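As recorded in TrEMBL, the features of this protein are as follows:
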type	residues	note
BINDING	A:LYS8, A:TYR9, A:GLY10, A:GLY11, A:THR174, A:ASP175, A:TYR180, A:ARG185, A:LYS210, A:VAL211	ATP binding site
BINDING	A:THR48, A:GLU75	substrate binding site
DOMAIN	A:264-338	domain 'ACT'
2 protein chains.
Amino acid sequence: MKDIIVQKYGGTSVGSIDRIKRIAQKVVKLKDSGKKVVVTVSAMAKTTDDLMNKARQINENPPERELDMLLSTGEQISIALLAMAIESLGEKVISLTGGQCGIITDSNHKKARITEIDTERIEEELSQDKIVIVAGFQGINENNDITTLGRGGSDTTAVAVAAALKAEKCEIYTDVDGVYTADPRVVKNAKLLDKISYDEMLELASLGAKVLHGRSVEMARKYKIPLVVKSSFNDSKGTEIVEVSEMEKVQVRGVSLDKNIAKLSVLEVPDRPGVAFKLFSELSKNHIPVDMIIQNINRDLVNDISFTVKIDDLSKALVICKEIANEVGASKVLSDSKVCKLSVVGTGIAGSAEVASTFFETLYESGINIQMISTSEIKISCIIDEKFGEDGLCHLHDKFNFDSDFEREVC
Amino acid sequence: MKDIIVQKYGGTSVGSIDRIKRIAQKVVKLKDSGKKVVVTVSAMAKTTDDLMNKARQINENPPERELDMLLSTGEQISIALLAMAIESLGEKVISLTGGQCGIITDSNHKKARITEIDTERIEEELSQDKIVIVAGFQGINENNDITTLGRGGSDTTAVAVAAALKAEKCEIYTDVDGVYTADPRVVKNAKLLDKISYDEMLELASLGAKVLHGRSVEMARKYKIPLVVKSSFNDSKGTEIVEVSEMEKVQVRGVSLDKNIAKLSVLEVPDRPGVAFKLFSELSKNHIPVDMIIQNINRDLVNDISFTVKIDDLSKALVICKEIANEVGASKVLSDSKVCKLSVVGTGIAGSAEVASTFFETLYESGINIQMISTSEIKISCIIDEKFGEDGLCHLHDKFNFDSDFEREVC
């Protein structure tokens, strides 16, 4: 329906009674402007931590189904309280759990994927002129068991509901003003972007920008739902995430830094088919996501294979690498957790030698050694020593000159 | 199924992490003895208060549907935590919300009545050798909205589930050792009863004994479910509530005191048909439950009608009485909140002049004036001045000589 707006408010946005009241006013204002409004909320900040804390005191490794049963109460509390706040402003409103609004998922507790949304109930409530409050982060499986969607789950709920309702727009309210050219806590003159493409946003998300989870952006792209990211604490316009970047020329959209990674290298791997498969399938079986796999041309019938993993997975990955190295006859496994990934993102980067050379030149001028390089259609990433991360980010941001009108400060 | 035991643990029994762990051990012990076990739990003590407090800060008069959405999370948290505790002891277990275990209610939010229980899911889980944890106090209506059962709700869930499963027994664990001949906090030599009949328990419950809500007793009686009330903090045998009292002779089962009442009198009501109807239907329309209605024989074509209400309803009842008194031409409305109700309960009391005369004699000897008297098949109640309540209770308990082997203390 053309006039439906889906809004999503995160945990800090509903973190206190006063904030819930403020959100209620924002929601009612939108409703009064003539829109049909669906609001997705997360658990109040701290509720989830409190519940996890209780669970761990009872069972160090709680069953995932029961954890979902427990944690899903967090959003249920938020939706009920927000509905009460909206009702006190005189608007018709109803709160719905994930199950009640027909969000069906697979049975992977703690990280379920939405398989289907039956919007009948939401549409029925909207047709009665109600504001509909939907619990984020949760659904039910075919067995009627409660599931949670894992990281980025509430954003995903909002986008999925928007897609299912064919909403006009999905607005993600958060504690930052939108998407910046770089992390504004690190780069002082980072600039807020008016627009960014789904693809660029996806790369930024996967490269450590915490503003939106890649999963929700992927879904928005798939169903062509215009996304807006903006602050729930002020009236800033935020950043629109749209299908295509408007400019045709190469555009570096932002720079990013991910310190949450570690590097692994398996040295002198015999150059024969199936070795890389063996290594990465074993990592995959152990649920260790791998990023930036690099294998250089072979020399002397052996290869060095390097890749990065999340820092939390390092010790587990190391054990697996050593086993496989032993099995296939590789000479050694090296690891380094004191690294970070510096990236530039923008449409058309792959076609432009200029962006890559500017990137490498900047690092060279800053005296930063590059350990690994990887590129895609719309990004270039380098692994460097962790201690140069912030410095490199600032120099890159300066060099790519995001907005010449923008007043620069020394970073 | 003959080997199913349903247990219920109240809010104080699951009031802390340690208590939840202790309950888990009790449950596992029962399971290991070869029984199929279904456990109903309430919200952890304080959770409900915390949630109500949040709700009131947001909306002084929160919509009841949203209140149910909010408060039902309390039991959902308890069942998940108890399931985790049981799993950590190595038993197979699953927690189910009211909706998941097929508890269907009407749509009277905050005080819903169970209309149907579809036990398919519970039976399926039991057949997989799991301990099943059921959220007390809640269900869903036909619209899939969450409802709560109101006062005594968790006991009612336990008994209803036991009835639907044709369980062998329903055990209600609480913070007292069972049903006493009088409130042991007031009467020091009160005796724990081994057995009591449903009817006697019902009267005791309605007369202020807080150990079991009348609603659950009624349901147990209806479906002939043997009930046991016992302590969750020790291994006392508790009290069995069974269909018929075993003795044929008149048996005073207990004495009780209810201070939570107020007395109203409408004086000189014209003696014509429909006047009492008018008064009590108006009170009923305003949801004011009335107890102990007394109208004496008429004199001079007018009647005095007296009745008692819960103390919280007094001011509302007074307004209604004055309106009706005015309308029908009664002379005056009197009220008194400084009264209490003293009762003796036991099978066959109605047929025994001895019990009544002993009751009245005891009050006379204690210098206590009787304001109103009401009797039923199995109880006699007197309204007296509030300040004599405890004193009267102790004297009655002594007089009825509940157990001559029992060592008496001066009350």
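Heads up, the Cβ atoms here are built off N, Cα and C, so glycines get one too.
Ranking the binding-site residues A:THR48, A:THR174 by the number of CB atoms within 10 A of their own CB puts A:THR174 at the top. In this structure the alpha carbons, written CA, of A:THR174 (ATP binding site) and A:GLU75 (substrate binding site) are 16 Å apart. Straight-line distance linking the Cα atoms of A:LYS8 (ATP binding site) and A:THR48 (substrate binding site), rounded to a whole number, equals 18 Å. In this view, A:LYS8 (ATP binding site) is surrounded by 29 other Cβ atoms within 10 Å of its Cβ, with every protein chain counted. Neighbour list (A:GLY10 (ATP binding site), Cβ cut-off 8 Å, at least 6 residues apart, same chain): A:SER42, A:SER154, A:ILE172, A:TYR173, A:THR174, A:ASP175, A:SER232. Rounded to a whole number, the C-alpha distance linking A:GLU75 (substrate binding site) with A:LYS210 (ATP binding site) is 21 angstrom. Cα-Cα distance from A:THR48 (substrate binding site) to A:TYR180 (ATP binding site): 28 Å (rounded to the nearest whole number). Confidence across the domain 'ACT' (A:264-338), taken as the mean pLDDT and rounded to a whole number, stands at 85. DSSP assigns A:GLY10 (ATP binding site) to coil, not to a helix or a strand. Long-range neighbours of A:TYR180 (ATP binding site) (same chain, six or more residues apart, CB within less than 8 Å of its CB): A:VAL187, A:ALA190, A:LYS191, A:LEU192, A:LEU193, A:GLY254. Counting only residues at least six positions away in the same chain, no Cβ atom sits under 8 Å from the Cβ of A:LYS210 (ATP binding site).
Residue environment of A:GLU75 (substrate binding site) contains 32 other Cβ atoms, counted within 10 Å of its Cβ in all protein chains.
DSSP places the residues of the domain 'ACT' (A:264-338) in helix, strand and coil in these numbers: 29 helix, 28 strand, 18 coil.
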